[in-house]
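As given in Swiss-Prot:
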{"type": "BINDING", "residues": "Gly75, Thr78", "note": "Na(+) binding site"}
{"type": "TRANSMEM", "residues": "7-27", "note": "transmembrane segment"}
{"type": "TRANSMEM", "residues": "32-52", "note": "transmembrane segment"}
{"type": "TRANSMEM", "residues": "65-85", "note": "transmembrane segment"}
{"type": "TRANSMEM", "residues": "96-116", "note": "transmembrane segment"}
Amino acid sequence: MKIKESLAVGSFAFFGGILRYLIGLVLNQPTGFPYGTLCVNLIGAFCLPFLMRYIVARLHLSDQLALAIGTGFFGAFTTFSSFSVDAIRLVNQQQWSAFAWYVGISMVGGVLLSLLADYWAVKLTHNPEEQEVSQ
């Protein structure tokens, strides 16, 4: 067992989980649309691919720190299980329109934001103007 990596992941997960909880407190309504869960999942869908492509490459983060941020922070910050529970709650309440919007925005929006983040990170990583300045 890799104790050091496990502690790093757990430490970062602590902060990711707390931030998700606080956003949920502010945005989620007990019987309404799950804005908090949608928000954290879309933020995570953008930030994690960007982090993995750009920040790790540019800042030369260690594998251990990348693991702690990716698996720890963003793993705790984003939540597929809460997404699923929220979707089921909308179905049980027969809020069909809200269910369709929630699932659609979560899935399509998440993938599109991930693609955008990756594209943007590649562009920033391979910026020819910046490379000329640094040479």
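Backbone N, Cα and C define each Cβ position, glycine as well.
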Long-range neighbours of the transmembrane segment (65-85), counting only residues six or more past its ends (CB under 8 A): 5, 8-17, 19-20, 34, 37, 40-41, 43-45, 47-48, 51-52, 56, 106
Local Cβ density at Thr78 (Na(+) binding site) - other Cβ atoms counted within 10 Å: 21
Cβ contacts of Gly75 (Na(+) binding site) (under 8 Å, same chain, 6 or more positions away): Val9, Ala13, Gly16
